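Some notes on the structure that comes next.
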Amino acid sequence: MQMTAQAGTVSAAPRAKRLWWRDVVGIALIAACGAAGYWLFPDNLALLTRIVAVALLVLSIDLIVGYCGVATLGQAALFGAGAYAAGIACVNGVTEPMTLIAIGAVAGAVAGLVMGAIMLRAHGLAQLVLSIAIVQLFHEAANKASAYTGGSDGLAGLMVSPLFGIFEFDLWGKTAYLMGLALLLLVFIALKFVVASPFGMLCRGIKQDPLRIRAMGAFVFPVLLKMFVISGAVAGMGGALAAISTQVVGLDSVSFELSANALVMLVLGGLGTLYGALIGTVIFMGFEHMVSAINPFHWMTMVGALLIAVVIAAPGGLSSLFERFSASRGGKA
Amino acid sequence: MSDLFRVENLSKSFGGLAVSREISLSMGAGERLALIGPNGAGKTTFVNLVTGQIKPSAGRVVLNGEDVTGLGAVRRVRKGLVRTFQVTRLFSELTPEEHVTLTLLQREGKASRIFSRFRGNSAVADEAHDILGALGLHEVARRKVGQIAYGQQRLLEIAIALALKPKVLLLDEPAAGVPSADTPRIEQALERLPPSLAVLMIEHDMDLVFRFAKRVVVLAAGEIIFEGLPSEVAADPKVREAYLGNYANARSVA
């Protein structure tokens, strides 16, 4: 056998095991950061809860963009579907918070099914345009159906029951934040299993070469549609969390602007790792919060400058810096 | 006829340009057939028509007595009509092991499962191990495909195809682009293909064609101009004309 292999036969077997440990450490780190936020910023728990809700949205985009290669600028349609479903259920007497999260997940999943069924008819730019059209339609529908959604005034007056009948949603947002953090961790762990499943591998294959996947005898459309449904459920939970924690649902939750910002956060953090989605969300929203406090007029300029700096210095997103760091460390060891 | 695989009057034209004209051929189980012809003769188009990547303008594709012309590419693969690609189409970020495992899971109908681990199926893992071992891809089984030699990538294309347990295998230039030092490895893999499998191979390397095929079909300008034994092909006047008319490709036939 004369195959001209470039490198030696090192680093073959232990790969899978090492990745497994990395995820355990990663999830522990997320929990630690979340807990640290709780202790360090007790006055900003509302902002932190908002970050958690948006992090769920950005995670849901990563599933579609990072793992399937389908670009979307309309993901807030799914977030908003979850937010309005939870909000409408709440003002109609369903006030148990975990039930509301579940309602948000189901509404998001249904919206994801519709959105996927439409978007997957097209490819490339046309697909991107469709995603924008869909979020605009959702926005307009929410605006027009003001009897249910409150229209442009928003849906206010959500009175959520105590969590598990014990923990009241307090003025400082402690309960909402801790519930959101627990939800985020659970979703993150579940998604780590999803992307490590045969289904997750199939999606990665489709992202690289759908024709190859078909030649392997697998249909592409149902796989992508399934990912849209999962993604919708995740985004919908984010929307429901935002509704519960702020007790109001506004039209901004189904906006193009939120969709675009969330995509920017994902690119900032890095695609296709799930970690990048969290890092990007925290950095973007944290930076936005700090800079807008320092300079309320020019903060967008600063955010723009940050984006340009990151894209030039780390084209793979901030999470790729960790990869590079650990790779260079691993090389020396 | 008890042919395993049959193509009847298969034609394809793009606009006014006919790229395949009334191609008919049939193969029995275990047959080894080579399809040759100058560049632009329509060989890859023929494979695309047969496997359903493109729809024919006219004609039929029959597998095991069943007309599969109306089926899409995916269903044809599931019925046992499998191809490899002339330019390897592999996932550069995945390993050979992952490629074959994914293919096996698909064959078993388990590839879209969410509530299971990718490596959790030991029967599949064993089979992947055997397939990769038989093609000498053991040592690189867990390296990213983007980092392995091109000859190994070609072997992986064959491994993926074999993992699908095909009845008919269409190999689109399995040795193209492989350094000559590595072609014996490809040839060995071709010799070891399952005996009952019907194999149609497109290939430019005439030495390989002569050693592999029991029957040769020559395609020129979308038409079959010769069908017969490998020993007769070089002497055929029509074949000579087709290759000489396309001077740049006259290389190995003559």
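Backbone N, Cα and C atoms are what each Cβ position is placed from, and that goes for glycine too.
Keep in mind that this is a model prediction, so the values were computed, not measured.
Record features, source TrEMBL:
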type	residues	note
TRANSMEM	A:20-41	transmembrane segment
TRANSMEM	A:47-69	transmembrane segment
TRANSMEM	A:76-94	transmembrane segment
TRANSMEM	A:100-118	transmembrane segment
TRANSMEM	A:176-195	transmembrane segment
TRANSMEM	A:216-244	transmembrane segment
TRANSMEM	A:264-287	transmembrane segment
TRANSMEM	A:299-322	transmembrane segment
Taking a Cβ cut-off under 8 Å, which residues six or more beyond the ends of the transmembrane segment (A:76-94) line up next to it in the same chain?
56-57, 60, 100-101, 103-108, 110-112, 115, 134-135, 137-139, 142, 148-149, 155, 157-160, 231-232, 235-240, 242-244, 248-249, 253-256, 258-259, 262
Between the stretches A:20-41, A:47-69, A:100-118, A:264-287, A:299-322, which one has more Cβ pairs under 8 Å with the transmembrane segment (A:176-195) than any other?
A:47-69
Assess whether the transmembrane segment (A:264-287) lies in contact with the transmembrane segment (A:216-244), where contact requires at least three Cβ pairs under 8 Å among residues 6 or more apart in sequence.
no
Do at least three CB pairs under 8 A connect the transmembrane segment (A:100-118) and the transmembrane segment (A:216-244), leaving out pairs fewer than 6 apart in sequence?
yes
Six or more residues out from either end of the transmembrane segment (A:47-69), which same-chain residues have a Cβ under 8 Å from its Cβ atoms?
34, 37-38, 41, 75-76, 78-79, 108, 173, 176-177, 180-181, 183-184, 187-188, 191, 194-195, 200, 203-204, 206-208, 224, 227-228, 230-232, 234-235, 237-239, 241-242, 245-246, 258, 262-263, 265-266, 269, 271-274, 276-278, 280-282, 285-286, 289
Can you name the far-off residues of the same chain, 6+ from the ends of the transmembrane segment (A:299-322), with a Cβ under 8 Å from a Cβ of it?
264, 266-271, 273, 275-276, 279-280, 283-284, 287-288, 291-292
